[in-house]
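Step one of this worksheet: look at the structure below.
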Amino acid sequence: MYVCKSADKRLESYIAGKEVETSFNRVDHQKIKCGFGQQGVCCRLCANGPCRITPKSPKGVCGATADTIVARNFLRAVASGAACYLHVVENTARNLKAVGERKGKIKGEKVLHDLALLFGIDSEDVYEKAIKVAEKVLQDLYKARSEKMELVEKMAYKPRLEKWKALNILPGGAKSEVFDAIVKTSTNLSSDPVDMLLHSLNLGISTGLYGLTLTNLLNDVMLGEPVIRKASVGLKVIDENYINIMITGHQHSVIAHLQDRLTDEDMKKTAEEAGGKGFRLVGCTCVGQDLQLRGEHYQEVFSGHAGNNFTSETVISTGAIDLIVSEFNCTLPGIEPIANEFMVDMICLDDVAKKSNAEHIPFTMDRDEEISEYIIEKALNSYKNRRSKVVLDIPKDHGHDDVITGVSEKSLKEFLGNTWKPLLDLIAEGKIKGVAAVVGCSNLTALGHDVFTVELTKELIKRDIIVLSAGCSSGGLENVGLMSPKAAAFAGDNLRVVCEALGIPPVLNFGPCLAIGRLEIVATELAEALNIDIPQLPLVLSAPQWLEEQALADGAFGLALGLPLHLAIPPFITGSKLVTEVLTEKLPELTGGRLILEDEPAKAAEVLEEIILDRRKGLGLI
Amino acid sequence: MMGKEKADKGDDIMRRIMIQRDLCMGCLNCGLACMAEHNEKGKSIYDLDLEDLKNESRNHIGLDKERRPVPIFCRHCDEPECVYTCMSGAMTKDNETGKVAYDENKCASCFMCVMACSYGVLKPDDVGKKVVVKCDMCMDREMPRCVENCPTGCLYIEGGNQA
């Protein structure tokens, strides 16, 4: 069977030795791509279609040009991506509100206090504060499109806010903005590509500030703030002696009760009676990264992060997973037959991620205890039923034990002495040339699984550019060892010395894709410290192996923030000269951001380095 | 794929693109492949300007009277009418490879070949109306790009060494 290349050679050889069909095998059968799809010039909006743009047929039946078709497709994709993240923040805020109402566990009082202060909430009681903070978020999300969201003004960096006002892209109610983006891109409605691109930036802002940033912070309130620590990653974290529950998704608060319940003393006894040492949550996909990020708070129950989106199928094929609990993407349909083969029951807590063979148990905070008990019982029964019938095969040599995790905008600043000055000094001295955020998904098509991400990252650190990562990219980077202190050896001489002195890796692990929001807080705070706007920073963004619509919504935020954004695979836009020109050439004059399309890692690193050098020059640094 | 089995006829016959027409779904990927391969600006699909008439496919998909797609490709005929009618020597048949080649530098643009083509595949280029749009089997490429890019197996190679 064909096996897709991975930057993670041990993973690749493990998959090659298995008879289990995964995405790594299927990608070969899908290698012939539709060129119209790749260029974004296929329109399926009406029964006169599908129409495709060719030199001999430059317009659809309705008269839509390539520019219109591409812009419509792009805005639709961004709207879907924004909707996904807004769904996550909506649930997170609802969960926080419920926690406040029942006076439940608040583990991050400091964050809650900061948010209340920022939002202008005047209340002494911590629970009342939680309710009001959550309500503020929800009220904004539910506003009409004609009403601007209030928290944008409070959260956004002022120079950016002014820029967004000038461009008229300040979002109204986030859900309404998504709604009208869908209206706008329906049959024979908008044909104005520029308006649709501006709408994409508008959705980027609500994705970034609410979907990403606020989801992180509200989760920190409920689950505790990230603390920098050393952790194990890779398939080796799976311990067959425990009853293992694999979690997939993006909504950490949904398993807040479960992870606490599993640490109770009686749980250990229950597991022991069945023959296990206890219960363990095995991290996979972004919620696994989130579990890892806040891992300080429940070390005994979290086994570690096993791998990213396209590692999930393999995690199940180790045979040691007893139950899968999913609450969002990236829950691949490909896990279903594998779960069936390995007799792993699946429970879905949110119907947006309903898998065909999963049992749907709709999660609400008021039923969390009951749902946790149900999940535990399911896991227990599954463990008892399946372990004698399946073959266990855990590659204990896959992964690393010294990954530095728990890095956030706050923990990093704290590490530096509660100020960004040491980092800024290192940048000013040229010991660190600049900062690159290598983020987003993993895919199997940009040279292979994590191949582009890892090669680009190596190129960047070699050039003394420190890399921050969030998303499945970090799942890949940590599994190949680049997030361990020993990876300093791969860095350029200047960066290597810095890393060795501080005992840090040259690639910092911010966790899930949601934490792209944390990186953007870092960018904002660095700009603030220097009293400049974000596009002046020697800081670049790359989502080399972007996979999904959410990544495009994240990217739209990066562009709205004024960051250069590199992608290895074009986001289905090259069929329109206008859209391509606006995003790759005109955007610097609009937001300061810029889309960079480059499909070779070394060349991409070169382009990003040039931008950093150029920015340094602009700041008077050599 | 079906095409591959059929292609196992050995190398005693000329190398040729074959068509299993009931597998064609009219996706036009062959046309895109052809345009991309012959694009002066680069061979990546992303380099292909789909609004520039200069980019012309050397094959096309027609519809039969039941509106089913019909791939129309140069057959590199054994008895090539285009070669027989060419007065300037622009069209030549290579008896070794079986390929019917076209040299635009020798072409007088009389388009007798266009009129003579039994399959209606040859045509003058849209922009300049000076040269003939003609399949070159992707020159030295191991596999013609249209064949490589066909997702259904409708297009396949027969004869030659089938490389």
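Each Cβ is built from the backbone N, Cα and C atoms, and glycine gets one as well.
Noted in TrEMBL for the protein shown:
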- A:Cys34, A:Cys42: [4Fe-4S] cluster 1 binding site (BINDING)
- A:Cys43, A:Cys46, A:Cys51, A:Cys62: [4Fe-4S] cluster 2 binding site (BINDING)
- A:His250, A:Cys286, A:Cys330, A:Cys441, A:Cys472, A:Cys513: [Ni-4Fe-4S] cluster binding site (BINDING)
Exercise. Name, in order along the sequence, the binding-site residues among A:Cys34, A:Cys42, A:Cys43, A:Cys51 with a Cβ closer than 8 Å to any chain B Cβ.
Key: A:Cys34
Practice problem: Look up A:Cys42 ([4Fe-4S] cluster 1 binding site) in the DSSP assignment and report helix, strand or coil. | Solution: strand
Exercise. Inside 10 Å of the Cβ of A:Cys472 ([Ni-4Fe-4S] cluster binding site), count up the other Cβ atoms and send me the figure.
Key: 33
Practice problem: List the other residues in this chain whose Cβ sits within 8 Å of the Cβ centroid of the [4Fe-4S] cluster 2 site residues A:Cys43, A:Cys46, A:Cys51, A:Cys62, in sequence order. | Solution: A:Arg44, A:Leu45, A:Asn48, A:Gly49, A:Pro50, A:Gly60, A:Val61, A:Ala64, A:Ile69, A:Thr187
Quiz item: Given the binding-site residues A:Cys34, A:Cys51, A:Cys62, which one is most crowded in terms of C-beta atoms within 10 angstroms?
Solution: A:Cys51
Quiz prompt | Neighbour-count leader, CB within 10 A, binding-site residues: A:Cys46, A:Cys330 | solution = A:Cys330
Practice problem: Out of A:Cys43, A:Cys513, give me whichever of these binding-site residues has the highest number of other Cβ atoms within 10 Å. | Solution: A:Cys513
Quiz prompt | Cβ-centroid neighbours of [Ni-4Fe-4S] cluster site A:His250, A:Cys286, A:Cys330, A:Cys441, A:Cys472, A:Cys513, 8 Å, sequence order | solution = A:Thr285, A:Gln289, A:Asn308, A:Asn309, A:Asn329, A:Gly471, A:Pro512, A:Glu548, A:Gln550
Quiz item: Who sits close to A:Cys286 ([Ni-4Fe-4S] cluster binding site): which same-chain residues at least 6 apart have their Cβ under 8 Å from its Cβ?
Solution: A:Gly249, A:His250, A:Cys330, A:Gly471, A:Cys472, A:Gly511, A:Pro512, A:Cys513, A:Leu514
Exercise. Rank the binding-site residues A:Cys42, A:Cys441 by the number of other Cβ atoms within 10 Å of each Cβ, and give the residue at the low end.
Key: A:Cys42
Quiz item: Rounded to the nearest angstrom, how far is the Cα of A:Cys43 ([4Fe-4S] cluster 2 binding site) from the Cα of A:Cys34 ([4Fe-4S] cluster 1 binding site)?
Solution: 13
Quiz item: Should A:Cys62 ([4Fe-4S] cluster 2 binding site) be counted as helix, strand, or coil on the basis of DSSP?
Solution: coil
Exercise. Work through the binding-site residues one by one (A:Cys42, A:Cys46, A:Cys51, A:Cys62) and name whichever has its CA nearest to the CA of A:Cys441 ([Ni-4Fe-4S] cluster binding site).
Key: A:Cys42
Quiz prompt | DSSP-derived class (H/G/I helix, E/B strand, else coil) of A:Cys51 ([4Fe-4S] cluster 2 binding site) | solution = strand
